[in-house]
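Residues or ranges marked as substrate binding site by TrEMBL: Phe55, Ile56, Ile57, Gln58, His59, Tyr117, Arg121, Thr258. Among the features that TrEMBL reports, heme binding site is placed at His244.
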Amino acid sequence: MSNQKPQSENQRDIEEGVRTDFRNTMSYGSYLDLDRVLSAQHPVSVPEHHDEMLFIIQHQTSELWLKLMLHELVEARRLLGEDDIGKALKCLARVKHIQKTLTEQWSVLATLTPREYAQFRGFLGSSSGFQSFQYRAVEFILGNKHEGMLKVHEADPKAHELLAKLLHEPGLYDVFLAALARRGYEIPEEILSRDVTKPWTFQEALVPVFKEIYESEDTQWSLYQACEDLVDVEDNFQAWRYRHLRVVQRTIGFKRGTGGSSGVDFLKRALDLTFFPELFAVRTEIGN
Ligand code: HEM
Ligand SMILES: N[C@@H](CC(=O)c1ccccc1NC=O)C(=O)O
């Protein structure tokens, strides 16, 4: 206490034990490979537009969070495959927080005015978020499979390989339904052996299964919780899509997208997609 600077100096002493020499030991920057991360921002506008840095960092941070989200979803799927519902729920809880962060982050980009964006948009060429392989990977594992999307990634073998793998593997929901079948719930065989490369479509036969789970929340708490987590994940995903749509609308209005789509109208149609339709349908059936 006594040999510390007085409060009036308003500066904290560096304690004696604090390490300062990193010539031969691991440091913060070397562990995180910050040299590479922080030298990966390359504005393409000429002369360089001040706001392009915001645009780049918004996308790069989104891609980092998408990377973690996929990592957690793959693990949640593995754990469900091993009937470890409790640990899978832990992963899904993290996924939900990542989604919230991704959605809140739109407010930073919303500070970009239409004119600022128009001043460097031309330099982006035909690049577009539509080409984000990690976003597509997350959509695939959540069940929105689309073989045609692979074509976009033909020039990037690693991305193509990842997406092809996820396309052919069962999604999170497929694996969850198989876990329910192992616990004795009546999941029709056609559903369990479906062609997983196709997008999930509404299956009426699952509604009574979920009704049973929702009506036995006292004894089937973890299954009930898993269902509710999936509903949260879908809700959060839609919230991200909606914020994207609104930010796009306020920055480019109804211009066509750099990726070649109609723009806002194309994005609007994604709001009609659903990952877990039976979990929403069951709500119509629930009484007291
Ligand atoms: C001013 C900012 C942005 C504008 C004007 C914009 C615009 C668009 C447009 C018009 C599309 C449709 C495809 C096309 O024709 O290009 C699109 C798709 C997409 N964008 Fe953005 N975007 C913006 C920011 C972002 C950010 C920050 C991300 C985060 C990663 C992102 C991710 C995506 C994704 C994943 C798609 C594909 C969506 C789907 O398949 O439904 N965008 N964007
Ligand atoms: N599609 C956007 C361009 C765009 O937003 C973008 C361009 C390059 C890299 C990522 C992008 N983000 C999302 O689509 C546009 O039409 O303005």
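Using N, Cα and C of the backbone, Cβ positions are placed for all residues, glycine too.
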Distance [Cα-Cα, Å, rounded] between His244 (heme binding site) and Ile57 (substrate binding site): 16
Other CB atoms within 10 A, centred on Ile56 (substrate binding site): 15
Binding-site residues (His59, Arg121), the one with most neighbouring Cβ atoms at 10 Å: Arg121
For Arg121 (substrate binding site): DSSP state (helix, strand, coil): helix
DSSP-derived class (H/G/I helix, E/B strand, else coil) of Thr258 (substrate binding site): coil
Cα-Cα distance maximum in Å, computed over every pair in Phe55, Ile56, Ile57, Gln58, His59, Tyr117, Arg121, Thr258 that the record assigns to substrate: 19
Protein Cβ atoms within 10 Å of Ile57 (substrate binding site), excluding its own: 13
Of Phe55, Ile56, Ile57, Gln58, Tyr117, His244, binding-site residues neighbouring ligand 2, Cβ under 6 A: none
Other CB atoms within 10 A, centred on Phe55 (substrate binding site): 19
Neighbour count (Cβ, 10 Å) for Thr258 (substrate binding site): 18
Among Ile57, Gln58, His59, Arg121, Thr258, the binding-site residues whose C-beta sits under 6 Å from ligand 1: Gln58, His59, Thr258
